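Engineer: Below you'll find the structure I mean.
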């Protein structure tokens, strides 16, 4: 709620009030006559739309000054200085913004007054007017209602009814108050910090007898993650927020995060420095402002790669791998649970052209989905995947110099047959982790040595690394890392396996952590593991539906165990849209190493056929 500063002058004429719901004042028109100020007229901006208020006073044979124009959002109105006479008429006015001051309009006689509040801006006016302007008062709002260039406004999630509110942007969030209603969240209120000043925000919604929960953030900590659920409840025509949990950079959580009814949403991507949304008697929606780090440890950029020729087309649940200047694609589906083909597609990076690779030898007998593929040298290695009747493929190699397939291990002789597992490789070993067999999810890790041509069953990881599918699997500095996945619900734990010691270790990560997810794109880039998108909540129809998919590019530093978000909002970068079940690999394009991904499942349950590359500039 804006701060109302008392009107100065008299109370003759009629009372008027432009209101306080605007974002800023953008233009002021004033006319002065023999008795002082004859009229004022203000133009405001609200949600990007210009709104002209009525003329306050009467147009006569007066001198109309040049309009005082305020260049929102870089400029804002700070104060008004004026004078009024004993009869209660405003004689003169001067307006000041943070960048300039208007000329005096009217006379310098009379009693002086000033409308100003430190660290706030004027967002509305009110007063009395008849044939002249009798009095003038103002509404003030925090300066932080203007989004700074280094902050990003995240769209509010939830319903589209209720009053719009916006607390603006601050240095930090100090406290969070959440009030409960019978079916969800009744109200929220936030306390912020601006420099040494504590700013108490308004209550959004309405308190009930069910109480209020308070979450305090330490002075050296900040919120990086909000998880919520939205749902239409009790016959409502629009969604409301039914659950909220706040998590800080140091891992402090306001509420235990667990699966709940409704549609899950997350607000994340950096330090959260403000909130906005809609409310009625309940909290209808919630969005946030995030402060983006100006100097990420890993620098890169997304580009969409042009594609020509006969390629894989629209599909998901396939895999890709790079050999030299070519990217290979195998497996996948267009219709849920229906494999498309068993072609091996090859993309020439130089010509940007897809084609179907010639193939001889032990060509895989099954068209499959949920397959994995990696490369070592000039050879591709393909394991698992299933057809529509849940028959599984074995373990194959493909020599890209001779275009020959070889069946290295039949289904019945190798690791447990599976789909939606994860694969990675180093110079001599292919690693296969997790996935879904005919009867259960798995948490085993097997390695195949390409020199000895033998499988090795790695040590059992223990209870902390639950059986899962759709995890990220990358080899970084000799360790095999398992990142996130799905074990019946989305998880966010991270583990690594040391092949030398045959030992598993779970690690605690921190920073701007991505939310729980699976079936995301991933790549190993130096000491970092970079991921994009994925599924954050399973669809009620399981693999038949799209699930709840997300976007976002994150990097985990495997030495410091710190996560950071890499996306550059706006500018020339063409960031991929939300997706999961995409094919991805570590690749080099145009001399840059990065994450390349193809296709995937869209939130609409459609399929993508695009090719994106996140190329690293420096690390």
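Please read every residue number as a count from 1 along the shown chain.
Placed from the backbone N, Cα and C atoms, the Cβ positions cover glycine too.
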Engineer: With 386, 419, 441, 519, 581 listed by Swiss-Prot as (Z)-N-(sulfonatooxy)alkanimidothioate-binding, which of these, 470, 488, 547, 552, is given for the same site?
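Structural biologist: Looking through 470, 488, 547, 552, the residue Swiss-Prot assigns to the (Z)-N-(sulfonatooxy)alkanimidothioate site is 470.
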Engineer: Below 8 angstroms Cβ to Cβ, which residues of this chain, lying six or more residues outside the repeat 'Kelch 4' (480-524), approach it?
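Structural biologist: Beyond its ends, the repeat 'Kelch 4' (480-524) has Cβ neighbours at 224-225, 227, 249-251, 259, 266, 268-271, 420, 422, 424, 429, 431, 433-434, 441, 445, 447, 458-459, 461-462, 464-474, 530-538, 550, 552, 554, 556, 558, 561-565, 580-587, 594-597, 600, 614.
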Engineer: In sequence order, which residues at least six apart in the same chain have a CB under 8 Å from the CB of residue 419 ((Z)-N-(sulfonatooxy)alkanimidothioate binding site)?
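Structural biologist: 368, 369, 370, 371, 384, 385, 386, 392, 435, 436, 469 - these are the non-local Cβ neighbours of residue 419 ((Z)-N-(sulfonatooxy)alkanimidothioate binding site), listed in sequence order.
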Engineer: For residue 386 (active site, proton donor), what is the tally of other C-beta atoms lying within 10 angstroms of its C-beta?
Structural biologist: 26
Engineer: If I take the alpha carbons of residue 519 ((Z)-N-(sulfonatooxy)alkanimidothioate binding site) and residue 543 (Fe(2+) binding site), what is the distance between them in whole Å?
Structural biologist: 11
Engineer: Can you tell me the three-state DSSP label for residue 543 (Fe(2+) binding site)?
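Structural biologist: The three-state answer is helix.
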Engineer: When the Cα-Cα distance from residue 441 ((Z)-N-(sulfonatooxy)alkanimidothioate binding site) is computed for each of the binding-site residues 535, 539, 543, which gives the smallest value?
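Structural biologist: If we rank 535, 539, 543 by Cα distance to residue 441 ((Z)-N-(sulfonatooxy)alkanimidothioate binding site), first place goes to 543.
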Engineer: At the Cα level, what's the spacing in Å between residue 470 ((Z)-N-(sulfonatooxy)alkanimidothioate binding site) and residue 539 (Fe(2+) binding site), rounded?
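Structural biologist: One finds 14 Å between the Cα atoms of these residues.
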Engineer: Comparing the binding-site residues 470, 519, 539, 581, which residue's C-beta has the most other C-beta atoms within 10 angstroms in this structure?
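Structural biologist: The residue with the most neighbouring Cβ atoms within 10 Å is 581.
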